[in-house]
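Chemist: Take this structure first; my questions come after.
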Amino acid sequence: MERTVIALAIISVVKGDQICIGYHANNSTKQIDTIMEKNVTVTHAQDILEKKHNGKLCSLKGVKPLILKDCSVAGWLLGNPMCDEFLNAPEWSYIVEKNNPINGLCYPGDFNDYEELKHLVSSTNLFEKIRIIPRNSWTNHDASSGVSSACPHLGRSSFFRNVVWLIKKNNVYPTIKRTYNNTNVEDLLILWGIHHPNDAAEQAKLYQNLNAYVSVGTSTLNQRSIPKIATRPKVNGQSGRMEFFWTILRPNDTISFESTGNFIAPEYAYKIVKKGDSAIMRSELEYGNCDTKCQTPLGAINSSMPFHNVHPLTIGECPKYVKSDKLVLATGMRNVPQKKKRGLFGAIAGFIEGGWQGMVDGWYGYHHINGQGSGYAADKKSTQKAIDGITNKVNSIIDKMNTQFEAVGREFNNLERRIENLNKKMEDGFIDVWTYNAELLVLMENERTLDLHDSNVKNLYDKVRLQLRDNAKELGNGCFEFYHKCDNECMESVRNGTYNYPKYSEESKLKRKEIDGIKLESMGTYQILSIYSTVASSLALAIMVAGLSFWMCSNGSLQCRICI
């Protein structure tokens, strides 16, 4: 009867009022990595790596790209007859050229410093084509017979639209001396060429003069070209070759042409009306009737994220390219929902075993149980402070990283392969550095965020512990058990930091003495029971040993001698 009373008293102590410090949990399956751990499930996270694109070529900030389709830049600028739709191209945001456009130099040959020309074009947004030397001004030369089956138009032989192939007239090719003064306020892009015949017979047939030359001069250019007559294999049905040149004529500068044959004269030039952040992108995509701030060869990216892994070449205001597959910033805390079998007061912060899915209005808070019931209450002050800090950190990272960043491909001619390889290695190295920096940044910030949450929960726990002092007992799982009755008003005072320790200290003191007395009485009772149990067990063992010995002596299994 006495033991029953003691047990009931102990149970009544365990059922005392309690308050627990805990943290939010939810059904999130988002995972992040830290310096120390991988695949940590958190309540909230923000992806900062864009992986998607729309698979289309789009306008860039409302300005359409110049998509050259099957034409190359050379075919467009010289006026390949198959590129007539681009003769008067409107303003463009960027230029799109296929990897292997079929309509380039229809008459076989070469474009001198072509890569530099493309670099110039890539920093231009608008050309205005103007006539500088009219075709009908060549009265002493044939300006209409210079056509080729290699450049057909509507089934007939034709030639590049923006230049004139001059042929002898009446078996005479008078020396050409022409000048043009740039009276415009803009720079002019001027194109011309020279024809290299297959043999001397073709040279005489077209130009009469066997020792021809083409000279071009400006304030910065002094060039003299001589036809290279040689036997060559046919390309596009032609054994001859054409070599094209270009220059930029500054305002108020003059260009002079002198030639005794083989001259491909400029008829039109390009006024560079608008310079800007353009580029030449290689892509096989079609225009998608869309608008974007960032374009890649694979499609447009519309994202505010600071990083992407779509394609290393971009045009516009783009995130930075990294090779990573995953960059996720933790904005919440570890998501460890409390296991039901542990009950409500199970045991982040090193001592709390699980989060509360019932607390939905804050990251950290309290759960209480008393005679008036139980409930959750978030600590909104510490939650808001943490949210503001993490939000500012994430925004700061995005703002610092998400600046305009372009990475357009550079082209090199066949003599510059070593430079091209070196350039590629350098660009790959930069990408590797960016990738490493981005991944390290995320890992470090995630570690700091989780540590911040642990620290905030621990601070909340210490705030309660310092208020309650010896008016409550620490249960070791984030909970405190009061030595006094604590109604809802009392619980609220603990939560808001106004707990009145002296008010409850006397009641707590009496309760502690009562519990200590029960423990002492219980200890005495259990000591008596322990002694009784030990003596009884020893006596029973002695009787068993004696009985076994007597039985063995009686049947001869054991010799018994009694000495007096």
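If you go along the chain as it appears here, the first residue is 1 and each next one adds 1.
Every residue, even glycine, has its Cβ placed from backbone N, Cα and C.
Below, the features straight out of Swiss-Prot:
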CARBOHYD  N26  N-linked glycosylation site
CARBOHYD  N27  N-linked glycosylation site
CARBOHYD  N39  N-linked glycosylation site
DISULFID  C58-C290  disulfide bond
DISULFID  C71-C83  disulfide bond
DISULFID  C106-C151  disulfide bond
CARBOHYD  N181  N-linked glycosylation site
CARBOHYD  N252  N-linked glycosylation site
DISULFID  C294-C318  disulfide bond
CARBOHYD  N302  N-linked glycosylation site
DISULFID  C486-C490  disulfide bond
CARBOHYD  N496  N-linked glycosylation site
TRANSMEM  528-548  transmembrane segment
TOPO_DOM  549-564  topological domain 'Cytoplasmic'
LIPID     C553  S-palmitoyl cysteine
LIPID     C560  S-palmitoyl cysteine
LIPID     C563  S-palmitoyl cysteine
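How buried are these features, and what lies next to them?
Modeler: Reduced to three states, the DSSP call for N26 (N-linked glycosylation site) is coil.
Within its own chain, N27 (N-linked glycosylation site) has P337, Q357 as residues 6 or more apart in sequence whose C-beta sits under 8 angstroms from its own.
The number of other Cβ atoms within 10 Å of the Cβ belonging to N39 (N-linked glycosylation site), over all protein chains shown, comes to 9.
Taking the Cβ of C58 (disulfide bond) as centre and 10 Å as the limit, one finds 24 other Cβ atoms among all the protein chains shown.
Here C83 (disulfide bond) comes close to L68, C71, G75, W76, N103: these same-chain residues lie at least six apart in sequence, with C-beta atoms under 8 angstroms from its C-beta.
The C-beta environment of C106 (disulfide bond), restricted to residues of the same chain at least 6 apart in sequence and closer than 8 Å, consists of G75, N80, P81, M82, S148, A150, C151, F160, N236.
Here the Cβ of N181 (N-linked glycosylation site) has 13 other Cβ atoms within 10 Å, regardless of which shown protein chain they belong to. Following the DSSP three-state reduction, the secondary structure of N181 (N-linked glycosylation site) is strand.
Classification of N252 (N-linked glycosylation site) by DSSP places it in coil, neither helical nor stranded. Counted within 10 Å of its Cβ, the other Cβ atoms near N252 (N-linked glycosylation site) come to 11, all protein chains included.
Summarising the environment of C294 (disulfide bond), the number of other Cβ atoms within 10 Å of its Cβ, over all protein chains shown, is 23.
Cβ neighbour count for N302 (N-linked glycosylation site): 14 (other Cβ atoms within 10 Å of its Cβ, all protein chains included). According to DSSP, N302 (N-linked glycosylation site) sits in a coil region rather than a helix or strand.
Long-range neighbours of C486 (disulfide bond) (same chain, six or more residues apart, CB within less than 8 Å of its CB): D17, I19, H368, N370, V494, Y504.
Non-local neighbourhood of N496 (N-linked glycosylation site): empty, since no residue in the same chain at least six residues away has a C-beta under 8 Å from its C-beta.
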Chemist: Around the Cβ of C318 (disulfide bond), how many other Cβ atoms lie within 10 Å? Please give the count over every shown protein chain.
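Modeler: Excluding its own Cβ, C318 (disulfide bond) sees 25 Cβ atoms within 10 Å.
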Chemist: Hey, which of the recorded positions N26, C151, C490 is the loneliest by Cβ count within 10 Å?
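Modeler: If we count Cβ atoms within 10 Å for the recorded positions N26, C151, C490, the smallest count is at N26.
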Chemist: If we check Cα distances from N181 (N-linked glycosylation site), which of the recorded positions C58, C290, N302 wins as closest?
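Modeler: In terms of Cα distance, N181 (N-linked glycosylation site) lies closest to C58.
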Chemist: Can you tell which of the disulfide-bonded residues (C71, C290) has the fewest other C-beta atoms within 10 angstroms of its C-beta?
Modeler: C290
Chemist: Specify the nearest of the recorded positions N39, C58, N252 to N26 (N-linked glycosylation site), where nearness means the distance between Cα atoms.
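Modeler: Going through N39, C58, N252 one by one, the Cα closest to that of N26 (N-linked glycosylation site) is N39.
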Chemist: Given the recorded positions N252, C294, C318, which lie within 10 A of C58 (disulfide bond) by CA-CA distance?
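Modeler: So far as Cα distances go, the recorded positions lying within 10 Å of C58 (disulfide bond) are C294.
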Chemist: According to DSSP, does C106 (disulfide bond) sit in a helix, a strand, or coil?
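Modeler: Going by the DSSP assignment, C106 (disulfide bond) belongs to neither helix nor strand, so it counts as coil.
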